[in-house]
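Enquirer: My questions all concern the structure below.
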Amino acid sequence: MVYLSQTIGEDTAWVNVDFITPHPSDDDWIGVFSPSNFNASTCPGSHGSGPGPVICSAPIKYQFANYSSDFGKSGKGALKFQLINQRQDFSFALFTGGLSNPKLIAVSNAIAFANPKSPVYPRLAQGKSWNEMTVSWTSGYDINEAYPFVEWGIKWSPAVRTAAGTVTFDRDSICGEPARSVGWRDPGFIHTAFLTDLWPNKEYYYKIGHMLPDGNVVWGKLSSFKAPPYPGQKSLQRVVILGDMGKAERDGSNEYANYQPGSLNTTDTLIKDLDNIDIVFHIGDISYANGYISQWDQFTQQVEEITSRVPYMIASGNHERDWPNSGSYFNGTDSGGECGVLAETMYYTPTENRANYWYSTDYGMFRFCVADSEHDWREGTEQYKLIENCLATVDRKKQPWLIFIAHRVLGYSSGYFYGRDGSFAEPMSRQSLQKLWQKYRVDLAFYGHVHNYERTCPVYEEQCMSSEKFHYSGTMNGTIHVVVGGGGSHLSNFTIQVPAWSVYREMDYGFVKLTAFNYSSLLYEYKRSSDGEVYDSFTLHREYRDVLACVKDSCPPTLKST
């Protein structure tokens with residue numbers, strides 16, 4: 001038997017589950033199912049290679065019964081689960097036989113949030129122009145049930161309402177298993193509103209809402225954000241960059257693709273310092289849902305305190321996009337059949353085509369050129385042309401800090417995966433892109449994919465262009481490449497031998513923070529997720545003339561004066 005007691009919150013609930021069985025076993029486990037009416041039959045072969053129950057309706061998460069003390073002796077136990085509002089009701093089921101041969105023993109009564117359809121988990125992102133902020137969120141309301149909108153404005157001024165668009169997707173929109181089969185769960189509806197003509201650096205308050213046919217409004221939480229600075233604006237600007245974070249369960253439950261032990265530390269450390277962060281770039285491998293659709297809800301809820309306050313810009317990684325014969329450059333199965341649809345729908349990015357995840361975005365004194373490493377980046381491709389256009393069109397007098405971003409390592413990494421064959425990057429990537437980095441004087445290039453941290457010297461053609469390590473000034477002569485893939489997923493080893501271009505490397509969880517003080521001064525800090533302290537840093541000081549100066553293989557032609 002399974003018994004429930006619960007405390008319902010606005011969009012989260014802690015639920016106490018009491019259970020009893022006459023024949024306790026270490027293989028007994030309790031799963032959380034939503035909707036409550038589920039298929040308890042087994043579907044071996046449909047769940048991919050990862051561990052987890054081979055149930056035809058995948059549980060959202062599960063705990064082993066022996067997590068409860070004395071269960072093995074008495075057959076009685078009690079476990080605590082945290083639920084989040086996911087638009088449908090829930091039930092709990094007790095199984096025996098382990099994960100590979102589960103047999104249903106008992107199912108609880110169904111429980112639900114007071115309003116399962118409520119708007120939840122707002123996500124900010126910069127729009128296509130500097131003075132535009134987008135707000136996306138999830139709800140259970142289709143457009144014919146309620147009208148989605150954002151009410152927003154500045155303090156002491158009348159609020160305005162901006163309508164939101166509504167999208168969703170079905171099984172036919174995604175590419176394969178488990179996303180189309182055992183991992184499928186109705187995603188609800190995703191809404192996006194565009195807040196335009198913002199005043200730079202002004203604080204705005206907003207609420208997401210849905211107007212019902214009778215005129216009543218179902219509201220989300222009140223939140224606020226600071227509008228972006230205009231391109232070239234000289235003000236304090238603080239940027240966080242991380243990759244490969246994923247999600248984990250605060251109640252200690254297991255889930256499919258359960259290998260992101262550092263994600264909660266990273267999330268919580270960012271939340272603690274959120275008043276000192278202006279924008280976040282999560283550069284691929286976002287949720288690690290890997291085809292289990294419900295886990296995108298888990299992720300958006302985990303990072304809500306961040307995404308509701310500052311723009312959260314994402315890049316596409318292999319765990320979002322890769323699937324055979326779906327147009328991805330790499331023919332793997334890491335997306336679990338999602339083939340980019342979930343990431344493209346859940347999070348807004350200022351791309352020209354949502355299926356092609358490359359874009360540029362400005363933030364004050366920064367220009368960010370975000371590549372999509374899951375599509376072809378080589379010379380002559382559409383993406384190569386966009387990357388060059390992004391790098392070439394920035395005014396370095398006003399936006400001196402030029403940043404390149406991709407998920408896979410297109411520059412340099414001594415991670416074991418890349419170093420074992422001597423390439424230290426994706427094949428042919430440097431050969432395709434390094435002349436662009438050099439020609440346009442890219443300051444920093446960031447990558448994920450390798451789950452550790454590494455920083456290079458200013459490097460060109462595998463040679464350090466400076467012997468300095470911590471205080472750079474004047475002409476850089478090369479680009480500093482950074483792997484920042486330690487956001488949360490299981491850590492990756494390095495090669496035993498340290499390449500000459502590797503200045504600092506560490507096998508730990510963390511992220512990078514950039515602070516631009518003005519046109520000539522930038523502070524770089526690598527922080528560990530465990531304590532938020534700085535473990536690697538450098539300063540960069542230079543003037544506009546240093547950006548114009550000749551560097552190797554990039555020197556404008558000149559004529560002698562007569």
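Yeah, the Cβs are placed from backbone N, Cα and C, and that goes for glycine too.
Computed from a predicted structure; not experimentally measured.
TrEMBL lists 6-115 with the feature domain 'Purple acid phosphatase Fn3-like'. Marked as domain 'Purple acid phosphatase N-terminal' by TrEMBL: 122-226. The domain 'Calcineurin-like phosphoesterase' annotation in TrEMBL covers 238-453. Sequence annotations record features per position, and here TrEMBL assigns domain 'Purple acid phosphatase C-terminal' to 478-537.
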Enquirer: Residue counts in helix (H, G, I), strand (E, B) and coil for the domain 'Purple acid phosphatase C-terminal' (478-537), per DSSP?
Expert: 0 helix, 31 strand, 29 coil
Enquirer: Give me the mean pLDDT over the domain 'Purple acid phosphatase N-terminal' (122-226), rounded to a whole number.
Expert: 97
Enquirer: Could you give the number of helix, strand and coil residues in the domain 'Purple acid phosphatase N-terminal' (122-226) as assigned by DSSP?
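Expert: Tallied per class, the domain 'Purple acid phosphatase N-terminal' (122-226) gives 3 helix, 53 strand, 49 coil.
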Enquirer: Determine how many residues of the domain 'Purple acid phosphatase Fn3-like' (6-115) DSSP places in helix, in strand and in coil.
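Expert: Residue counts for the domain 'Purple acid phosphatase Fn3-like' (6-115) by secondary structure: 7 helix, 45 strand, 58 coil.
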